[in-house]
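Down below is the structure, laid out as C-alpha cells.
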Amino acid sequence: MAAESSLPPGDMEMSLSEHLRELRNRLIIVIAVTLLLMLAIFPFSAGLVDAVLAHAVPSYVKITTYAPMEMFKARLTMCFIGAITVGFPLLVYEAFRFAAPGLYPHEKRFLYLVFPFSLLLFVAGGLVAYFVTLPLFFSIVIGHGLEVAAPALSVGETFSIVTNFVAGLGLVFQVPLIIVLAIKMGLVKRETLVKGRLGVYGLLFGVAMFFSPDPTLFSQLIVLAVLAILFEVSMVLTRFL
C-alpha cells in the first residue's frame, strides 16, 4: 500500500517491456511524421538553402559546391531542420504523453513554467545568431581577404556553419534559465557568482570556444559578449525572484 501511495496520481505500474513498447510506438509515430515532412519539404529545400545563405553571407560572395553530394547533403539537412520545426508540437506532445504518468503535479507545473521560457530563449538565441552574429562574422572574416582573392564558399561547409551557429547560440541562451534554476534550487548562491565574475567569464569563454570553433577568435568574442550580457541579466533577475 505504501508503495502504491507513493506513485504519482494517474500513474500505473508497468513492466519494463510495456514501457519499452510504449516508447517504441511513440518513436515510430515521431520518426514516420518526420520522414513524411522531409519528403514534403524536399522539393523546396534548394530554395530554402539559398534563402538561408542569402541573408547570412554577403552578396558579393559566390556560393559553390566542391563535391558531388555536397548540395544534396545540405538539402537533406534543410529538410530535417524544417521537419523538426514543423513537427515540433508533435514531438513535445509525444514526449509529454510518455513522461506525464510518472510526474507529480508539482513537476508538471514546473515543466509548464520552464519549458515555454526555455523555448523562447532558444528561439531568441537562434535569431540573434542568424540576424546579427552570422552576417557580422562573415563580413569581417571574408572582408580581410578581398584584396587578395575573390571569395567563393562551399555550400555544404557554409550551411553547416550557419546551422551550428544558430543551434549553438540557441543552446547558449539557456544560460539565464540555468543560472536562475540553480540559484532557486540552492545549488549555488547568487553572492558566489557575483563575487566570482572573472571565473564565470572564463567558463563562459570556454563555452564560446566549444560552440563556435573559429581560429580567428572573432566569433568566440561575439558569443562571449552575448553570454556576459545574459549572465548579468540573470543576476538582475535573481535579485527579484
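Using N, Cα and C of the backbone, Cβ positions are placed for all residues, glycine too.
Keep in mind the model is a prediction, meaning the values are calculated, not measured.
Beyond the transmembrane segment (27-47), the same-chain residues lying 6 or more positions past its ends with a Cβ under 8 Å from any Cβ of the stretch are 71, 75-76, 78-80, 82-84, 86-87, 90-91, 94. The feature transmembrane segment is assigned by Swiss-Prot to 27-47 (among others).
For 76-96 (among others), the entry in Swiss-Prot reads transmembrane segment, with the evidence type sequence analysis. If you look at the transmembrane segment (76-96), the same-chain residues 6 or more away from its ends with a CB under 8 A from one of its CBs are 26, 29-30, 33-35, 37-39, 41-42, 45, 48-49, 52, 111, 115, 159-160, 163.
Among residues of the same chain six or more beyond the transmembrane segment (122-142), those with a C-beta under 8 A of the stretch's C-beta atoms are 55-58, 61, 151, 153, 161-162, 165-174, 214, 216, 218-219, 222-223, 226. According to Swiss-Prot, the transmembrane segment annotation covers 122-142 (among others), on the basis of sequence analysis.
Feature annotation from Swiss-Prot assigns transmembrane segment to 161-181 (among others); the stated evidence is sequence analysis.
Taken from Swiss-Prot, the feature transmembrane segment applies to 193-213 (among others).
The transmembrane segment annotation in Swiss-Prot covers 217-237 (among others), and the record cites sequence analysis as its basis. Among residues of the same chain six or more beyond the transmembrane segment (217-237), those with a C-beta under 8 A of the stretch's C-beta atoms are 128, 133, 136-137, 140-141, 165, 168-169, 172-173, 175-176, 179-180, 190, 193-194, 200-201, 204-205, 207-209, 211.
Through the fold, the transmembrane segment (193-213) approaches residues 164-165, 168-169, 171-172, 175, 179, 183, 219-224, 227-228, 231, 235 of its own chain, all at least 6 residues removed from its boundaries and within a Cβ separation under 8 Å.
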